[in-house]
Amino acid sequence: MVNVAHTLENLHHESRSFRPHAAFAAHANATSYEYKKAGVDRLQYWREAALRLAWRQPFTEILDWSDAPVARWFHDGTLNACDNAVDRHVREGRGDRVAFHFVGEPGDTETLTYSDIHERVQKAANGLVALGLGKGDRVAIYLPQIPEAVVAMLACARIGAIHSVVFGGFSAESLRQRIDDAEAKLVITADGGNRRGAHLALKPLVDEALASHGEGTAHPEPCASVEHVLVVRRTGQETAWTEGRDVWWHDAVDPQPAEHEPEWVEAEHPLFILYTSGTTGTPKGLFHTTGGYLTGAAHTHRIVFDLKPDDVYWCTADVGWITGHSYIVYGPMINGATQVLYEGTPNTPHEGRWWEIVEQFKVTILYTAPTAIRTFMKWGEAIPQQFDLSSLRLLGSVGEPINPEAWMWYRRVIGGDRCPIVDTWWQTETGAIMISPLPGVTATKPGSAMTAMPGVCVDVVDDAGRPVPNGEGGYLVITEPWPSMLRGIWGNRHRYVSTYWNHFDGMYFAGDGAKKDVDGDLWLLGRVDDVMNVSGHRLTTTEIEHSLVAHPWVAEAAVVGASDEVTGQAVVAFVIVRGDAHGVPEDGDEVAAALREHVRHQIGSLAKPRTILVVSEVPKTRSGKIMRRLLRDVAEDRPTGDVTTLADPSVMDAIRTGLEAGTGD
Ligand code: PRX
């Protein structure tokens, strides 16, 4: 672990505080009674939250922690996630409510009610069964942000299959790793999607992922587990076809009957696997189960976003990330929300696209990431000001610490100084929001996620695991189990225990640094391990280093996350080129360009280093460990910190001199 002290120094004192407006507080879903109730009896609080779900067979036990740190919540109950998100609304007379206003990037739109989704999801469930899928089978989903992505996830849940959504920005190689690890039987994809006015192909990447990658590679054999590839026609691109394996969605799903009885599963039946970057370089398949996860997602969505029947809610995340799982698919749909689902980027075809969508659909609740807010700040407030944003009543932020300037801009320019902001801290692992203001209750400070949610116990501890006093910082931990906690890493209990539970006795270690201010409110300070947060996407230094050294030109690579005004952090790589490599361009820029493309191909565009610097050495300790702290100083153009532990202190001078001489990108 890294010492968090240096990050703490940068935190300025914040004296501004914004109380909820009385009019908002008067009608808010949550009052301070939530904290009181949870404080009196935490388990009873969660029991009541779970009872808001539709259970087929009611549960009698709330929490079984006897196999800690693997929790079992509500374990003797049975239910179905799709029944909760869809059927229940139809059954209770809400079928005509709009579930999604879908907006495609080229401008195509589609309105889908809960009844429409009900019909589609039953057909899709029958289609999956016809392809031989059943309870417990794993399905990889690699789709653009289109309604079929939501339908595919829910159809898996409906038959008890376990979905593993892989974000469309990942490469064929990353997709293959995830398919192999989960031993997926089916891949659901599309011919392509729309990105910045162009067609982005997806099916060819699936073909590449499933094929043999050749002798001597990590995948000498074709993928063994996948039996079928189910393909949605989205762009109409020409697509290579493997007879017997590939099937069109419109052939396999559309003709199916629209009646399907959900598979009633135990509360602890796995609902999905979601891969996140692991510190050892191979992604970890975190998995969540049904009853506890749905309780956490739906409950937090209702009280943090204050959802009312008339709201139009827009979460701008991709369904390929946990935010899309919990706050597009499961939480909001269980609560019967009307949502916007947008396929594209914020600046296609113009930089006001989001605000045009807010105006058009009268969006009332917007949930997005600080990196997007900072991008809009850069584009200038004149752009959002051209649109009517008066429908907005609540703003949310997630994915990385939000700097006070961005918070204030969000509040003033987008929220017209009237909308409460909820800065929500959580992780793929936590399944649902853990730290956040409650919008009608909490007086908020710009840049602070404020306090733990009712029923959630967090603390900030020092190296020895002792709680720090107010005014001090340390490591963020969660001290009691919670319903939506991950149940493990797919197929690897040992890695689950050692990653999260071995740092501090009996406490979940989040990997984040945090500070308690003088009032005890929480400020998140970013990761304290080698995880980087680039535009809210999680990457590790090791996986990018592995990718770089796999290139024949590279002898050694060291990667750091350097602060970046827009993306929060950016990937900066230091590489040493092999002396004996053939065909290496003289020009450092050309080397950098080729290596960036190599990383994109291996991991995906999201991992492409912003900067690659060709150097002759990297700084190491006497025991051979790379000193990333010093490289970060170079990447952020700061004077180099303490070099006394370096094996060869002159290395830093050599790097600086070399870069000044222009060998960098
Ligand atoms: O470092 C924290 C940061 O994002 C990490 C979790 O990433 P991921 O699992 O991809 O989930 C992102 C969406 C929930 C955390 O360890 N993070 C997330 N939200 C915040 C945050 N950092 C500060 N403030 C937040 N609101």
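Note that Cβ sites are derived from N, Cα and C of the backbone, with glycine treated the same way.
Summarising the annotation, TrEMBL assigns domain 'Acetyl-coenzyme A synthetase N-terminal' to 35-85. Feature annotation from TrEMBL assigns domain 'AMP-dependent synthetase/ligase' to 92-490. Taken from TrEMBL, the feature CoA binding site covers R195, R196, G197, A198, T323, N347, S535, R600. Here TrEMBL flags G399, E400, P401, D423, T424, W425, W426, Q427, T428, D512, R527, R538 as ATP binding site. The domain 'AMP-binding enzyme C-terminal' feature in TrEMBL is assigned to 543-625. The annotation Mg(2+) binding site is assigned in TrEMBL to V549, H551, V554. The N6-acetyllysine feature in TrEMBL is assigned to K625.
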Cβ under 6 Å from ligand 1: which of the binding-site residues A198, N347, G399, W426, R527 qualify?
G399, W426, R527
Around T428 (ATP binding site), which residues of its chain at least 6 apart sit with Cβ under 8 Å of its Cβ?
L274, T276, L286, W321, I322, L486, R538
Roughly how many angstrom lie between the C-alpha atoms of G197 (CoA binding site) and T424 (ATP binding site)?
32
Just checking: which of R195, T323, S535, H551, K625 have a Cα that is within 10 Å of the Cα of G399 (ATP binding site), counting only these recorded positions?
T323, S535
Work out how many Å separate R600 (CoA binding site) and V554 (Mg(2+) binding site) at their Cα atoms, rounded off.
16
Tally of residues which DSSP labels helix, strand or coil - the domain 'AMP-binding enzyme C-terminal' (543-625):
25 helix, 28 strand, 30 coil
Provide, as an integer number of angstrom, the distance between the C-alpha atoms of R196 (CoA binding site) and P401 (ATP binding site).
27
Out of A198, V549, V554, give me whichever of these binding-site residues has the highest number of other Cβ atoms within 10 Å.
V554
Distance [Cα-Cα, Å, rounded] between V554 (Mg(2+) binding site) and T424 (ATP binding site):
40
Note down the number of other Cβ atoms within 10 Å of the Cβ of R527 (ATP binding site), including every protein chain shown.
21
